[in-house]
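Scroll down for the structure; my scribbles are underneath it.
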Amino acid sequence: MAKLIISDLDVKGKKVLVRVDFNVPIKDGVIGDDNRIVAALPTIKYIIEHGGKAILLSHLGRVKSDADKKELSLKPVAERLSELLDKPVTFVPSNEGKEVEEAIDNMKDGDVVVLENTRFQDIDNDFGKRESGNDPKLGEYWASLGDIFVNDAFGTAHRSHASNVGIATAMKENGKPAAAGYLLEKEIKYLGDAVDNPVHPFVTILGGAKVSDKIGVIENLIPKSDHILIGGGMAYTFLAAQGHKIGKSLFEADKVDLAKELLEKAGDKIVLPVDNVAATEFSNDASREVVGDDIPDNMMGLDIGPKTIAKFKDILKDAKTVVWNGPMGAFEMPNFAEGTLEVGRALANLTDATTIIGGGDSTAAAKQLGIAPKISHISTGGGASLNYLEGKVLPGIACVSDK
């Protein structure tokens, strides 16, 4: 069922509550990466250009005590948003009470207000974690502040919080609309099509440290993918399952039997490294050498090798849909980043395919290479995109009204 989108609604003169994902890195009041703020601009601009009043809610980090509040205020985000929009943005240093209500009452059409970090509601109260625990009273309160609710925070779509599910539920109970913003719509379109209706050949590339993080994705995508290319630390659990020597490589001993089952279920769809870049210790300065799919006892695999890169590229060149989540090696160390970077370059060269990247390290690789503009879609949600690829229902999407 298609979801109600912000552009389906008349926002003129309306107070539009928008759950955005402004969970950006901030140190000493300086924003390290404003991509998530930039990603929310299309929805915010639609509201203000069509005469609506944009009231923005977001979490920032994990608030465990009062001491966290200073470092986790959204004030620097509101200031950066003002620069990006080239217009004043009002920051309210609270998200509940008279100060909030007065700020909203004073809004004119086209104004933007940013309320303080929603997770400040997770401390200093009798309920416990009011935001993260989805306190219905908090959801009802926030819903009372607006005429329309828009969820545009894909990064928290796999969570049931007061600021997404709570508000949407209260809105719909009062006959008010809960819509998706443009960013959420884009995530649903790209990830949804990849999972439910991919153009073949469909290649999934999975990396990262743990098989356990990706079990659901592998199980869901085995019947849908033509190939599943596996690199990173998780590859060594699969290689161990095949009886290969993995030396001191990272692996999950308790997941070897599961890896065997997945290999049997997938047949020849799962493609594992045929060679590896190995070193004697986990260090960028360690001496390294290319070894086959058996790793010497005194070494650990830290990247896929050149033959594997060539094999993966050969499979990718014919792909029409590609989903990539997780690095091919210890990408944070330049000497073991080549596999990840080469996979990124291969995706950038696919001009006639839908390419989707999810996960922090894969996204970082795309940015490092400068290939982001050549990728069809870079997902803004790590855990949320994995959950979606697993075929799970995401509460933050399910709570949005159907058309």
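Glycine is no exception: its Cβ is also placed from the backbone N, Cα and C atoms.
Predicted, not measured: the structure shown is a model, and the values here were computed from it.
H59 (substrate binding site) carries neither a helix nor a strand DSSP state and counts as coil. Summarising the annotation, Swiss-Prot assigns substrate binding site to D21, F22, N23, R36, H59, L60, G61, R62, R119, R159 and lists sequence analysis as the type of evidence.
Within 10 Å of the C-beta of G360 (ATP binding site) we count 13 further C-beta atoms, all protein chains included. Feature annotation from Swiss-Prot assigns ATP binding site to K214, G301, E332, G359, G360, D361, S362.
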The one of D21, E332, D361 whose CB sees the fewest other CB atoms within 10 Å, among these binding-site residues: E332
Among G61, G301, G359 [binding-site residues], residue with fewest other Cβ within 10 Å: G61
Euclidean distance between Cα atoms of G360 (ATP binding site) and N23 (substrate binding site), Å: 13
